[in-house]
Amino acid sequence: MARLGKVIDPELGRSVTDLGMIAGIDVAPAGTDGGRPAYDVTVRVELTVPGCPLSDTIVGNITAAIASYPDAALTPRIEVATMSEAKLADLVAGLKAERKRNPFAKPGVKTRIFAIASGKGGVGKSSVTANLAATFAALGYDTAAIDADIYGFSLPGLFGVTSQPTNLNGMLMPVTAWGVKLISIGMFAGADRAILWRGPRLQRSLEQFLSDVWWGEPDVLLLDLAPGTGDMAISVAQTLPNAELIVVTTPQPSASDVAVRAGLVALQVPMRVRGVVENMSWFDHHGERLEIFGHGGGQRVADQLTAALGHDVPLMAQLPLLPEVRERGEAGRPAVLGADGRLAGTPLAESFAGLARALMA
Ligand SMILES: Nc1ncnc2c1ncn2[C@@H]1O[C@H](COP(=O)(O)OP(=O)(O)OP(=O)(O)O)[C@@H](O)[C@H]1O
Ligand SMILES: [Mg+2]
């Protein structure tokens, strides 16, 4: 049992023993093996849901934990079953009770929260969110992301997610892709999606994503906001008092003027504007930097927000227009990652790593 206490359920972030998933252990002597006593060990595991997608991982980790026993040669045999409804209901009730409604609003929470906003649409918020999240995860941070663009969700596509979140008696498990725990309305179909969309929609769906999803306590939470200067940013400030706003713009005035207004939301609600990211700053044409969308928008937004808000709002990154950003995004892998899921050694990946480190500093 002590060895199994180190086996963590990947979705719930708790040990399988804490979660009551070990229903029984039988040990039968089996002679000796290389001078050590040998035993056959049968472990009865009860998974939370039938056909749990992580069943193989959990069973593999349990097998490895038993095989690592130092003082005897143990031959593991794992019997997999599913928890009774009653036991699962108890487990979920226990987890819910211990967690406040919105785990990120409680005092002392360590999670850094960054909301990515823009004003103008199509400037690359979602691409920046996806690549920044993948970068944080690749750098070793426990990373989560919420697709807060309810009508124009795009994170499932950018991360190549086609599966649905596991629903444990009304508690949803985020889907992990490229190391990032994700939730998006795009992961729900039919009736589930209709439920999320009911009522005063935006505020409710954000609250549901925060309180009905089992997040654990990630190091970083990113929110990909819808374009516009309004409602969602206010909801974020109200529900997530620690959230910091990152304003994305392109270099052109028509984007940067609206981006400033998106940042000025911080005059209405208490929310720190952390910095500005300029996207599509240039296109590298055989070594020549073509400024397709003009010049200076990021710096203009940073200067104007610094003046209006009375604290430093720096221009934190300038990112090139790069066909891979779109192509890889459409293929479901953030462009900063190689096929192996590690940070690629490209200038783009270095820019994102620099941004991630600056944000955490
Ligand atoms: N640096 C970049 N280089 C090349 N293409 C990019 C870059 N950033 C974003 N794109 C592309 O531009 C388009 C818009 O980007 P994205 O969807 O990330 O913007 P958005 O601000 O989230 O849009 P919306 O306002 O609709 O939510 C996408 O096709 C995306 O692939
Ligand atoms: Mg978007």
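Cβ coordinates are placed from backbone N, Cα and C, and glycine is handled just like the others.
Because TrEMBL annotations are produced automatically, they should be read as predictions rather than curated entries.
Taken straight from TrEMBL:
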BINDING   GLY119, LYS120, GLY121, GLY122, VAL123, GLY124, LYS125, SER126  ATP binding site
DOMAIN    2-71  domain 'MIP18 family-like'
Sequence-ordered binding-site residues from LYS120, GLY121, GLY122, GLY124 with Cβ under 6 Å of an atom of ligand 2: none
Cβ packing number for GLY119 (ATP binding site), 10 Å threshold: 26
Other same-chain residues whose Cβ falls within 8 Å of the Cβ centroid of GLY119, LYS120, GLY121, GLY122, VAL123, GLY124, LYS125, SER126, the recorded ATP site, in sequence order: SER118, PRO227, VAL248, THR250, ALA255
Neighbourhood of ligand 1 - binding-site residues from GLY119, LYS120, GLY121, VAL123 with Cβ under 6 Å: GLY121, VAL123
Structural state census, the domain 'MIP18 family-like' (2-71) (DSSP three-state): 16 helix, 26 strand, 28 coil
Packing count at GLY121 (ATP binding site) (other Cβ atoms within 10 Å of its Cβ): 13
Local Cβ density at GLY122 (ATP binding site) - other Cβ atoms counted within 10 Å: 12
Where LYS125 (ATP binding site) sits in the secondary structure, as DSSP reduces it to three classes: helix
Number of other Cβ atoms within 10 Å of the Cβ of LYS120 (ATP binding site) across all protein chains: 21
